[in-house]
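Inspection log for the structure reproduced underneath, given as structure tokens.
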Amino acid sequence: MANRNLEKLASIDAQLRLLVPGKVSEDDKLIEYDALLLDKFLDILQDLHGEGLKETVQECYELSAEYEGKHDPKKLEELGNVLTSLDPGDSIVIAKAFSHMLNLANLAEEVQIAYRRRIKLKKGDFADEASATTESDIEETFKKLVHKLKKSPEEVFDALKNQTVDLVFTAHPTQSVRRSLLQKHGRIRDCLAQLYAKDITPDDKQELDEALHREIQAAFRTDEIRRTPPTPQDEMRAGMSYFHETIWKGVPKFLRRVDTALKNIGINERVPYNAPLIQFSSWMGGDRDGNPRVTPEVTRDVCLLARMMAANMYFSQIEDLMFEMSMWRCSDELRVRAEELHRSSSKRDVKHYIEFWKQVPPTEPYRVILGDVRDKLYNTRERARHLLAHDVSDIPEESVYTNVEQFLEPLELCYRSLCACGDRVIADGSLLDFLRQVSTFGLSLVRLDIRQESDRHTDVLDAITQHLEIGSYREWSEEKRQEWLLSELSGKRPLFGPDLPKTEEIADVLDTFHVLAELPADCFGAYIISMATSPSDVLAVELLQRECHVKQPLRVVPLFEKLADLEAAPAAVARLFSIEWYKNRIDGKQEVMIGYSDSGKDAGRLSAAWQLYKAQEELINVAKKFGVKLTMFHGRGGTVGRGGGPTHLAILSQPPETIHGSLRVTVQGEVIEQSFGEEHLCFRTLQRFCAATLEHGMNPPISPRPEWRALMDEMAVYATEQYREIVFKEPRFVEYFRLATPELEYGRMNIGSRPSKRKPSGGIESLRAIPWIFAWTQTRFHLPVWLGFGAAFKYAIEKDIKNLHMLQEMYKTWPFFRVTIDLVEMVFAKGDPGIAALNDKLLVSEDLWSFGESLRANYEETKNLLLKIAGHKDLLEGDPYLRQRLRLRDSYITTLNVCQAYTLKRIRDPNYHVTFRPHISKEYSEPSSKPADEYIKLNPKSEYAPGLEDTLILTMKGIAAGMQNTG
């Protein structure tokens, strides 16, 4: 883009229009949406802060755009000079403005994706453009299985109704956007979608324009920064809000679409309401691994809160159902029940309901039955509320629902009766939707998983054995531990009494088990043991559950994360299955969790991905040998560095036979908003998971050939070696990492309740995977994603040039390898080593500059080798739409990168001299108050010069929005 053209451009959206490819399809509204939102925002910025500040925003954007054109580092310096000349208040406003513009760009993109999707559905075109790499549609999957793969419709239906996808919401601290802003973003999205509807009237348009202006201004006027860290209860409430807003209604709507898709392949049955197609679990308030803020009291609170929320949502729907169920014809079975209830209800207290507040006559039998359901739901909700507030309730247990079977029974009775009286069409309306909600969400809304480190259980058992004076459990061999645990599990005597000496940590573990015993069993899902390495880790949890009187013990799930643990996992699980007591206990079913984050941090992405692939194959073979059905629980993050990527591609690239209709997967942090933030996103997410799980089971991907395996094994060794050589053995690395990235400042964002380190001191090993990825994402260098790939590819090609052809063939024909390469290519497209070079120049000591240069040379070499294997000349050659979307963001992100680098310089070096130009934000009528200065007052206790800390945090949030992930 020539400089003279840039000088003539009046606004940012004019530059955006220059980025439009020569030919854009009619349904491509992205530029239009983007420009509309930005025009509105820049007008708001001018109204609030004056023309001078708006011009500074445009000047920064233009310098960034010039840099993006030629990657001339001088442009970054010019941009840095503009940004460092701003006074503290203006600096905050500029960082906030660019962060806000990136959020608006994301919203424009989401509306555009939904628009393209609708266009495709209208055309009946599912395989258009990028859909092959981003979508997995249930109807298209059914048609593909029946018509292309010659599966019978009955086979498809049978596989579908027996499959389960369990989505596990976790409070991983990667959601950097406050809930207050997420809600405003949702309203902006709605306004934008409605503005581009075909049948909009002029009055509608005017009102929507006003609403859009109002919401954009409200979002900009909201403090983006969390001033205090969230508690686990805050995280749980935030996670559960998605159920209230989209998931609750989204599940029956999705299942109705599945019914329609089945009808279109010739199946005239509906998916049974109790078929477990979709289930939801949570770690919010249950994941205590490294988080001291998750206490037994927190676990109890979140379970009761979820129960109260579930009862409240059912209660709010039951009167609508009563209105619909006005029929008088019913089966004898239902009539007898209705008459009994009518007689007994006259003696009960009358509750002051809004509708049906008087006793329902027996001539409306369905309403009588549902009226009793309403009473019990009311009591269920109130009892949970009392227990939450006061620990006791005077509502007797017999007047509430304590398990889901009690709740389903009267609803099933109504359904059977309607069908028996020829009213199936009515039964299959709202009543079926309600039954499906009850079957999906139960009384607990989600099932809470408990996660704890194996060492904490060892501490408890060591205290017990020392108290019993039989030795130190911690010092026993694995054989001796197993022998003692099995002997105790087979016996009946209590293992310890109230006189057991307890440290605070031991009491915490035991009190957690007591909470499991106290609350209804349907509150809980799995008990996950992190850092599990041997059968005794699993048996220890079984014994502690028994000793604490957990009536229905939770299934125990070992979690294997690091490379060595993944390699040893199949043997460990085989030893576990060899124990007769345990084999009888699990009834032919076992779950194993595999961790993507820590394995990547431990060995690099290539080696971790390959070891995760092999571990799954071997674990499935072990399970088959012992006659056990194994469910894999995938602990995937949102970023590629932590196992993220498009959902259906991730599923379809898993090894054959490793899913077979049963899948658990974590949905973490910002991914929850991206997957469930809107109704259409929720619908699309449920489609992707269900369709891809079905397709993987009925049309498994190919197995790798022996020569591919051998090459992958060799390359993984080299990749791990180079990765560890640099990350763990290179003496300069830790210092370089801490200086070149904002890792040390990450904790100031107050994203999550969990500390960023497992141990307060220590190096890279003790750093959690999220801040590790976060730090490199902020500098757009993405080192954890690509490091090791270059060494592996170079070794393979130099060893034998034929290996290049083999790698190219693997890319074309093997889904696992293709997905692995494509995701790294996407990360390279988001990367920019020029930003890393600027950080080095400003923040890193001169003696480390050569080290930074060698890493950037490695980056370029790896990128070129990757393109050669993919057969691409340029990054994202095969996905021009994604490339366009990323280009639209680059200039905003670059401004924030430069702002961040110079702000870090000023924070870390208080002697760094800058010269402020005059204050440019306009003043209010009274001269003492400047709007930009008001921002400084939001953080009066900062330990740095005024405005620096907030400017830094705003750049972090903006870059996270631009990269569309945090950690």
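Just so you know, glycine gets a Cβ as well, placed from its N, Cα and C.
Swiss-Prot lists His172 (among others) with the feature active site.
Summarising the annotation, Swiss-Prot assigns active site to Lys601 (among others) and lists similarity to another entry as the type of evidence. Secondary structure at Lys601 (active site), as computed by DSSP, is helix.
Annotated active site per Swiss-Prot: Arg642 (among others), in sequence order.
Per Swiss-Prot, the feature D-glucose 6-phosphate binding site maps to Trp283, Arg451, Asp598, Arg636, Thr666, Arg754, Arg768, Ala769, Ile770; the stated evidence is similarity to another entry. The Cβ of Asp598 (D-glucose 6-phosphate binding site) has 23 other Cβ atoms within 10 Å, all protein chains considered.
In the three-state DSSP scheme, Gln674 (L-aspartate binding site) is classed as helix. Under the heading L-aspartate binding site, Swiss-Prot lists Arg642, Gln674, Lys830, Arg889, Asn965, citing similarity to another entry as support.
What Swiss-Prot records for Ser11 is phosphoserine.
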Open item on the list: Please report the Cα separation of Lys830 (L-aspartate binding site) and Asp598 (D-glucose 6-phosphate binding site) in Å, rounded to an integer.
Closed with: 23
Open item on the list: As a test of the contact definition, list every same-chain residue at least 6 positions from Trp283 (D-glucose 6-phosphate binding site) whose Cβ is closer than 8 Å to its Cβ.
Closed with: Val168, Phe169, Thr170, Ala171, Leu448, Asp449, Arg451, Thr666
Open item on the list: Using other CB atoms within 10 angstroms as the count, which residue among the binding-site residues Thr666, Gln674 scores least?
Closed with: Gln674
Task: Thr666 (D-glucose 6-phosphate binding site) in three-state DSSP notation - done: strand
Task: Nearest of the binding-site residues (Gln674, Ile770, Arg889) to Lys601 (active site) - Cα to Cα - done: Ile770
Task: Asp598 (D-glucose 6-phosphate binding site) to Arg889 (L-aspartate binding site) - Cα separation in whole Å - done: 30
Task: Cβ-Cβ neighbours of Ile770 (D-glucose 6-phosphate binding site) (radius 10 Å) - done: 27
TODO: Could you measure between Ile770 (D-glucose 6-phosphate binding site) and Arg889 (L-aspartate binding site) for me? Cα positions, answer in whole angstrom.
DONE: 23
